[in-house]
Amino acid sequence: MELRPVCVFLWLTGLIRCTQTGVLKATLRVQSGWTQVFRGESVTLKCDIEGGEDKWTYSWYKNGAENPTIKQSENTFEVSDEATFTCMGNRIGGDPQSTEMSDPVTLSMLGKPKPTVSVNPQSSVYTGDRVTLTCNLLSTGWTFLWYKDYQESNPLSPGTTDTNTLSVTVTNEGVTQYYCKAQRGNYDSEISDPATITVRVRPKPAVKVQPAERVFIGETVTLTCEIQTGESWRYLWYRNNEELSDAAGKKTHTITDIEESNKGDYTCKGTQSSDPEYTQASDAVTLTVSENPKPELTSDLKGAVLTGNSVTLSCTLKPQSAGWKFCWIKTTQSTETETETKTQYYTIRSVNVSDEGQYRCRAGRGNPVYYTDYSDALWVNVTESPKPVVTIKPDKHVFRGETVTLRCEIQGGGDTEWTYSWYKNYYTLYIFHTTQEFGFRSVRNDNSGKYTCRGRRNSDSQRSEISDAVTLTVSDVAEAVVSVSPLCWLTEGDSVTLSCEVKNSSTGWTFSWYTEVPSRNGLIKMTGSPGNVLYGSKLLSDSSRGSGGSYTLSPVTVKNTGVYMCSAERGESVFHTRFSNLQPLWITGASSRVSLIINPSRTQHFTADSLSLSCEDQSDSTGWTVRGYTYNETLFECSSVSGSTCNISSLSTSHTGVYWCHSESGRRSNPVNITVHNGDVILESPVHPVTEGRPLILRCLHRNSKISDFGVNFYKNDSVLQSQTTAAMTISTVSKSDEGFYHCKHPERGESPKSWISVRASDSGSTGVIIGLRLAFLFVILMIVLILLLHFKKKKGVEYQTPSTVNQDTNQPADGDNIYENADIRTTEDSAAGTSSMNHSQDVHRNKTQNDAAAGLSDVTYADIELKNQKKPKRKQGKSSEGADTVYSELKQNTDKVIKTQKGGKF
């Protein structure tokens, strides 16, 4: 707060002289020398007695008081309050005498002073300027203290008497505040308000050089002095700190056709009439002058460039400098081309064979353009990039759970020369894989896809082409499938080959073969259901013959009859397929101890009819059972057994199949094919083959009634063979050409299934020899028996009946003759008669099962006609099954490896 000054009036009357009485007068004055006093400041008053040489005491009075405030021997008195003071003296010793009272001195106090700070020349300056600050206070007698940025405890310099200025040369950019304070005696004024000094950086020019600081003899060089602020600058140029008079005042300094003598350190300054009047000196720019350069041309690749990769050529100047453009010259046998770039690098992004050639480069800059010499030539060789090949092991088509390995093959490459990147469906799977292979320990369905790979050469990071895509297919289940060639119905001595393959896969498999046998120890797999006979898969001891997927039996015997299956495996950690479908083989022997007798004796039967199957052994019919294998791959077990006879009370289409006699020791009879038809018409034909020259009678039978005499057609191999007025057809003399598929059709009643009629050629010479040998053998036996009978007369009549019975028919074969002659001792005429006597008008209930709908296979019956041989036929190795005593059964095969078992004629 500014105080209104109060004037202190000192009424000095001077010395009081006593002219008449000789009385002295005291004089009172302010001893400090200034008349302005501030509140809180102390003032010393002095009382002088002129002409008084004696010693005095002094009395001090305040505000006209009668009694002095204080008496003292000192003639000075310090006061610090506002009042009117007087003094007088009293002589000590001698003649006591008092002076007159001095004139009053009135002290009036001013408020505490506060100085102000002024700045000269101005508060906004540039670095390097000198600024003077003044601390202003109206009264005298003061000393001054200066402070910076409120650092009151740390004055810039000690106070000096009678100086109130501070001079500062500013060096740092920014804002600084200065303060001052006055001192008088022990009294301090208040601190001043701040004076703010703003310091800006003094402009500093920058020297720019074109084309570069490093130049070559003969080039033109331009130096420019650039100042960011102001427009009216005058420029000064210096080389090696000596002023260049020829460049004075110019912003640019140009040197044409430069020489080595022009090299040196160049600087510049600027001056102007306004503030700031001058700039700093620029930093020095060193200009170097060299001889004309020759660039060096190099490639980033060592050796040939692979097509599809990139190559970068570098044109390097030594010493290096800026501002160049580069020219690239490519020379081939026929052309020369030139390309310009702004940098020293020339990159060919995707090299092809046409990029091969000789390359040179040079650099140029300035206007007019200054060119360097050409570089030495560099030859760029280009070769075709290798194309990898993806291989998949074990196969491109694999199955869930297999171990799969993919390999990236690059010709002439390996793990040490290349790294490999893998892609699935053209998306990156792995990059920079250090080995050629990667894989799946247990492959999944989602691993399916198109796989490609690419290599990167370790020596120079060049890449190969990307491989062609290889599709990996992962399926759920590996299924083995068995097929047979030429047929599943064979005659002893024939050859047969079973082939095993894996669906949709053919690589790397090893095959094992099995046969289905009744349950016992050592079986690999058990199949069946509670209450049924169990069957297992037995590994064949000679399964090694199945390597490559084929299993050949040559020659076959009746013992080879059975149901076969296979499985496959592959891989180091072995992967197994499921078991294949079941494949039966039916082998018909030239002779057999046991025969399967079918009643009614025909190959086709109606559903719901009854059927009897019997095993008849020439020596002993015990120990034989009837077995069957139906079209739906079910093993038949008869539930109604009487001795060696199986009785089926009600047939269904599921009984369609192949039947045979089986002994406990594993021997078998020849198999017979039976078809159960759900329709109304069947074909009656012989169960077994007949010999050439014998008659053949075929009949067309209806389920419930006799077929009318009109419109019945018989077919052979789907061609009309004969239209009959009756439902029967006779071929009086059968020949080999009559062999084939037969069926009949009634326009109203329907059509029968097909049956295979097999014809056997006659061989009377061989049969006669065999019969003669057998008769001789019988004669010897009869003689032995006759001798024994002489000792037992009681049994004589009975003993002599045996040869009579045996010789009833000298053409009846003994054991070892053709097997079909033992199958049914009735003649074809007897068979026809027995059939014709059947009551076809009987209402028979039809038992339709779920399998009846799938009974399409029952529409074909394979039956053989027996043509009686006169002598035993000779076997030939490799004999075709055509014309053999074979019963053909084409049964539906599926992939299920379980064999069902039928009990009691029901499944």
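Heads up, the Cβ atoms here are built off N, Cα and C, so glycines get one too.
Note that this is a predicted model, so its numbers are computed, not measured.
As written in TrEMBL, here are the features:
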{"type": "SIGNAL", "residues": "1-21", "note": "signal peptide"}
{"type": "DOMAIN", "residues": "40-108", "note": "domain 'Ig-like'"}
{"type": "DOMAIN", "residues": "115-198", "note": "domain 'Ig-like'"}
{"type": "DOMAIN", "residues": "205-288", "note": "domain 'Ig-like'"}
{"type": "DOMAIN", "residues": "295-363", "note": "domain 'Ig-like'"}
{"type": "DOMAIN", "residues": "386-467", "note": "domain 'Ig-like'"}
{"type": "DOMAIN", "residues": "479-583", "note": "domain 'Ig-like'"}
{"type": "DOMAIN", "residues": "671-744", "note": "domain 'Ig-like'"}
{"type": "TRANSMEM", "residues": "769-790", "note": "transmembrane segment"}
{"type": "REGION", "residues": "866-907", "note": "region 'Disordered'"}
Contact call for the domain 'Ig-like' (386-467) and the domain 'Ig-like' (295-363): at least 3 Cβ pairs under 8 Å, seq gap 6+: yes
When counting Cβ pairs under 8 Å to the domain 'Ig-like' (205-288), the leader among 40-108, 115-198, 671-744: 115-198
Residue counts (helix, strand, coil, in that order) that DSSP gives for the domain 'Ig-like' (205-288): 6 helix, 39 strand, 39 coil
Secondary structure content of the domain 'Ig-like' (115-198), with strand meaning DSSP E or B: 0 helix, 45 strand, 39 coil
Counts by DSSP class (helix H/G/I, strand E/B, coil) across the domain 'Ig-like' (40-108): 0 helix, 35 strand, 34 coil
Tally of DSSP helical, extended and coil residues in the domain 'Ig-like' (671-744): 3 helix, 40 strand, 31 coil
